[in-house]
Amino acid sequence: MEYFVQQLANGLTLGSIYGLIAIGYTMVYGIIGMINFAHGDIFMLGAFAALIVFLILTSFFAGIPVALALLVMLIAAMLMTSLWNWTIERVAYRPLRGSFRLAPLITAIGMSIVLSNFIQVTQGPRNKPIPSLVTDVYHFGNITISLKQIIIVAVTAVLLTVFWYIVNKTPLGRAQRATEQDRKMAALLGVDVDRTISITFIMGAALAAVAGTMYLMYYGVATFNDGFIPGVKAFTAAVLGGIGSLPGAVLGGLLIGLIESLWSAYFTIAYKDVATFALLAFVLIFKPTGILGRPEVEKV
Amino acid sequence: MAQSSDNNSLMAQAAKEALVAAAVSFGLFILYVGIETYQDINNALVWRTRWGLLAVFVVIAAVSRFLVVGFIKPHLDKRKRDKAKAGIPEVSDGKNFFQRNFLKIALIGLLIYPPLSVMLAGTQGSLKYVDNFGIQILIYVMLAWGLNIVVGLAGLLDLGYVAFYAVGAYSYALLSQQFGLSFWVLLPLSGILAAFWGVILGFPVLRLRGDYLAIVTLAFGEIIRLVLINWTAVTKGTFGISGIPKASFFGIWSFDVGAANNFTKAWGLSMSSAYYKIFLFYLILALCMLTAYVTIKLRRMPIGRAWEALREDEIACRSLGINTVTTKLTAFAIGAMIGGFAGAFFATRQGFVSPESFVFLESAVILAIVVLGGMGSLTGIAIAAIVMVGGTELLREMEFLKHVFGPDFTPELYRMLLFGLAMIVVMVFKPRGFVGSREPTAFLKERKAVAGSFTKEGHG
């Protein structure tokens, strides 16, 4: 039982990170119906931004409080990935908006290759380890929960609330939902569609940066190809939760995290990725709308 | 006067946009290019600045933006206006000799390529041209043509094509080592096994379309690779399988050094692996030709027509009584079979297979070749394969770049970067690929070339 609870805690932590990335997938898919394949690499860029800022901070201000350092890393990473995703959308995706359906997906795959290889070329192919930032752990009986895990879950919860508020209660969120439902009609009614889509990309990127920073803090290491596997898993999470649905993305992320850590704990760790990918296939085949998604009506 | 003030405002706008581009690229690259992280002697991660390189990036971004806004875009707009004024765009009926006989010339060129490279570079020197360029490119041509059946003809986006390539390669590697079967027995068998897997993987995804299909096939591709890595008892995991037997010349001559009927001994030639490579070159050329022949023939058969109808509009297809299940499954199976052939060939050529060769990136590269070439166009795909694979192979040869950028410069590192950039640039500027039109197989009275923009994939 204690072992199970321990795995539950680990799974929730992992799941929060997947959930944060999944929100980016789900929002972009919701608004322009495109799988932003490069989103996983945006997450990786966020982790690298946090890593570089961390190195700069520690060399200039040796005794900086950890909380402040984390905050600076987080903000820098969010700014960085926002700028990247904004530029990518402007340069690579926007010209293809009227093109055939596969064009944006293929461009996004190309962008994913470009981003990971760009980091490989500029920062080198090796693992980048940093010293552990947060080392506190709490014991509850035999269960060990680290402060890192608490931070990750708390940050996810706060951000989800903030984003849920933005999408559901603000004019910006209304514009987003309108664009999602009918782009042409939204434009006719005075919604600046291009701007709304840009902001959606920026929001997704900012959340991916948070996930990247958390990932760096949790594992203490970043590599240029870190984007691919978490990216696919986050996409699985988005699909599992119902693509287009914000709470669905987080729910899916948590489920994927739980499945992964429980699978590793009770079956073989070697096949944990196979379990996730198989789950993705099963969900898409048997329930493509996911848990909280709306059914897609086939139109002639 | 109006002209010059127009020009001035254009230049002012170009300068303004160049400044914006400079600012944005400064923001984009300041952390990743401006700062380099590396491990010092204590293995701790440290950093240093690279302002010079950052400045180069920013200047390139600003200058290219200036040129695009100030010169290239007005020029293109003008050309478009002129074209619109001229009415119907020029339809060139008068093709020159080269265009008319392009395929024959290309085939003859390919046939004489190995002897030519032996003549020019010597027996040993030809290895590089025949193996690194010839065989490498032809493998990708074959894979891309195989994927073209699935993506280009049937409109089913498959991101896990490399799985079938892996099935073919491992089928040959394992069966030849365990049972000592020859290449010529295992080549068809590998194809059949891959086709079998194509049906198994194709069956559950029949209901999915477009992006979802792409992601599920990606998941299947990754599952097969992960199984290859983790099922160490059979596949030896990441170590891979080495010592895979070579193909023989239809069992008459062997290319093994110790064999009594060794090819070079039988013909009294000097010992060299070049002959084996030349043999492999013709083998893969024949396999490619087979693929092209099958594709062209199938397109004219009911099943090929059904594929293309399926690509254009699935709902219309169903309402006209086409069995979409068998149509999709045959596309998957035939595409997979070709991938399996290519895999068996790959295994015998390398003599070594490991899961490293079957990563997602490989699927992306094959898909990129299909898309860049223009989906459905065999010639376009072949050209794309030559440009992309040959171009990246060429990068390895560019020693002079080392003199420009210093001895630490390794061009291979930029291979995938350029590949990804090419994917984006071609998609943005020429979304229909190099060859954007294709000859219809069904037509009323006369054959007209169909502009690529009339053909769509999957989603009706």
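Keep in mind that glycine also has a Cβ here, set from the backbone N, Cα and C atoms.
Positions annotated as transmembrane segment by TrEMBL: A:12-35 (among others).
The transmembrane segment annotation in TrEMBL covers A:42-62 (among others).
The transmembrane segment feature in TrEMBL is assigned to A:68-88 (among others).
Among the features that TrEMBL reports, transmembrane segment is placed at A:100-119 (among others).
Sequence annotations record features per position, and here TrEMBL assigns transmembrane segment to A:139-167 (among others).
According to TrEMBL, the feature transmembrane segment maps to A:197-218 (among others). Sequence-distant contacts of the transmembrane segment (A:197-218) (same chain, at least 6 residues past either end, Cβ-Cβ under 8 Å): 13, 16-18, 20-21, 23-25, 27-28, 31-32, 36, 39, 42-51, 54, 70, 73-74, 77-78, 80-82, 84-86, 88-90, 94, 130, 133-134, 148-149, 151-152, 155, 159, 163, 166, 172, 176, 179, 226, 230.
Under the heading transmembrane segment, TrEMBL lists A:238-259 (among others). Nonlocal intrachain contacts for the transmembrane segment (A:238-259), taken as residues 6+ away from its ends with a CB within less than 8 angstroms of a stretch CB, comprise 8, 11-23, 25-27, 29-30, 156, 160, 163-164, 167, 180, 275-276, 279-280, 283-284, 288-294.
Marked as transmembrane segment by TrEMBL: A:266-286 (among others).
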**Report entry** Segment proximity, the transmembrane segment (A:139-167) to the transmembrane segment (A:12-35), 3 or more C-beta pairs under 8 Å
**Finding:** yes
Report task. Give the one range among A:42-62, A:68-88, A:139-167 whose Cβ atoms make the most pairs under 8 Å with those of the transmembrane segment (A:100-119). Result -> A:42-62
